[in-house]
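Here Swiss-Prot flags D54, E80 as Li(+) binding site, drawing on similarity to another entry. Among the features that Swiss-Prot reports, Mg(2+) 1 binding site is placed at E79, D153, I155. The feature Mg(2+) 2 binding site is assigned by Swiss-Prot to D153, D313. What Swiss-Prot lists as 1D-myo-inositol 1,4-bisphosphate binding site is D156, S157, T158, S264, K266, G286, A287, K290, T308, and the listing cites similarity to another entry. Annotation source Swiss-Prot lists phosphoserine at S314.
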Amino acid sequence: MSDILLELLCVSEKAANIARACRQQETLFQLLIEEKKGAEKNKKFAADFKTLADVLVQEVIKQNMENKFPGLGKKVFGEESNEFTNDLGEKITVELQSTEEETAELLSKVLNGNMPASEALAQVVHEDVDLTDPTLESLDISIPHESLGIWVDPIDSTYQYIKGSANVKSNQGIFPSGLQCVTILIGVYDLQTGLPLMGVINQPFASQNLTTLRWKGQCYWGLSYMGTNIHSLQLAISKSDSETQTENSDREFSSPFSAVISTSEKDTIKAALSRVCGGSVFPAAGAGYKSLCVIQGLADIYIFSEDTTYKWDSCAAHAILRAMGGGIVDMKECLERSPDTGLDLPQLLYHVENKGASGVELWANKGGLIAYRSRNRLDTFLSRLIQNLGPVKTQA
């Protein structure tokens, strides 16, 4: 199984290279944007966009997984269809070709004959990426490939990607908007149980060199399977743990909470959160990025009461958080159940469609979500949130 995760790290980095390449040329970037229509449209945004970068990234992930693990590429699911319409109204199916030249030829149809741009993109698509991790290479875990499914969000926070703001200031390490909020999300789940098993989050625009204006990325991963829990932040955490263990156990129950939220969150939730968290409520763009803030320890909780996140938004982060001892739960179910029932938390699952839905809504996280790293912190947070929501709690 670690061989799959190693391959996902490599394809996520190739995907990040594509995302960066598409942004570096403004004229090229304008060509790549196409508005999403019909059943594909995410109802949260007035104008949602499909970019060729989105489609290319998803196809690269599919093709690479299929080449390395035959059959697995067919079980890569995501938000994007690989059909693109050019300015002449021609529908083009975007697929990786066997050679760089053939891929460039296909891309030139999408890009209205712009061969230099097509060749530049094809080069990045066919470039080999070698990303290794000694921890993963030494891990020996076996799981049949046929029992796995993969959720992909090729470019989460497409709006921030298109807008391309590079000079947004962070608030206590959390960026409210900007390219830092863009993530590539790859989550692996069990087709039978729906549990998330492996996750990769690649942040292509983590930091910018102010001299060269080049962007550097950062990659995070986690694996949670049959009692094995391992993640990329383990070394960083274990170094500080020995010094702060007592302090952390006290903090579980005493200190204020911090939460990261969507700018579109309901006023009732915002008001309750301000009573629970005081001034430590941070708005930020992108479901993937907000989950990453919890993974990084920048916030205790990511909470979202709406039904406009999807399985591809949450699966990768959920797997990493499980490896850390946390998870992502259904917010509505959490607020409706009695805390003293002793029931397991309603973790999000990834294998069952929503009944009666169509299009992307088949895979919406209908009850909203709460992402967390610490179960103890979550329990305390939930009891305080319920107290502060009062009678409106079941409407979330």
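Yeah, the Cβs are placed from backbone N, Cα and C, and that goes for glycine too.
Known features from Swiss-Prot, placed on the structure.
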| residue | record | DSSP class |
| --- | --- | --- |
| D54 | Li(+) binding site | helix |
| E79 | Mg(2+) 1 binding site | coil |
| D153 | Mg(2+) 1 binding site | strand |
| T158 | 1D-myo-inositol 1,4-bisphosphate binding site | helix |
| K266 | 1D-myo-inositol 1,4-bisphosphate binding site | coil |
| A287 | 1D-myo-inositol 1,4-bisphosphate binding site | helix |
| T308 | 1D-myo-inositol 1,4-bisphosphate binding site | coil |
| D313 | Mg(2+) 2 binding site | helix |
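Spatial neighbours are here defined as Cα atoms within 10 angstroms of one another, and by that definition the neighbours of T158 (1D-myo-inositol 1,4-bisphosphate binding site) among the binding-site residues D54, E79, E80, D313 are D54.
Cβ neighbour count for E79 (Mg(2+) 1 binding site) (all protein chains, 10 Å cutoff from its Cβ): 25. For E80 (Li(+) binding site), the nearest of the recorded positions D153, T308, S314 in terms of C-alpha separation is D153. The local packing around T308 (1D-myo-inositol 1,4-bisphosphate binding site), expressed as other Cβ atoms within 10 Å of its Cβ over all shown chains, amounts to 18. Rounded to a whole number, the distance between the Cα atoms of D54 (Li(+) binding site) and D313 (Mg(2+) 2 binding site) is 14 Å.
Straight-line distance linking the Cα atoms of A287 (1D-myo-inositol 1,4-bisphosphate binding site) and the residue listed as 'phosphoserine', rounded to a whole number, equals 7 Å. Separation of the C-alpha atoms of D54 (Li(+) binding site) and I155 (Mg(2+) 1 binding site): 6 Å, rounded to the nearest whole number. For the binding-site residues E80, D153, the greatest number of Cβ atoms within 10 Å around a candidate Cβ is found at D153. The closest partner of D153 (Mg(2+) 1 binding site) among the recorded positions, by CA position, is S314; the full candidate set was K266, T308, S314. Neighbours of D313 (Mg(2+) 2 binding site), defined as other CB atoms within 10 A of its CB across all chains, total 30.
Of all the recorded positions listed here (T158, S314), it is T158 whose C-beta has the fewest other C-beta atoms within 10 angstroms.
Cβ neighbour count for A287 (1D-myo-inositol 1,4-bisphosphate binding site): 27 (other Cβ atoms within 10 Å of its Cβ, all protein chains included).
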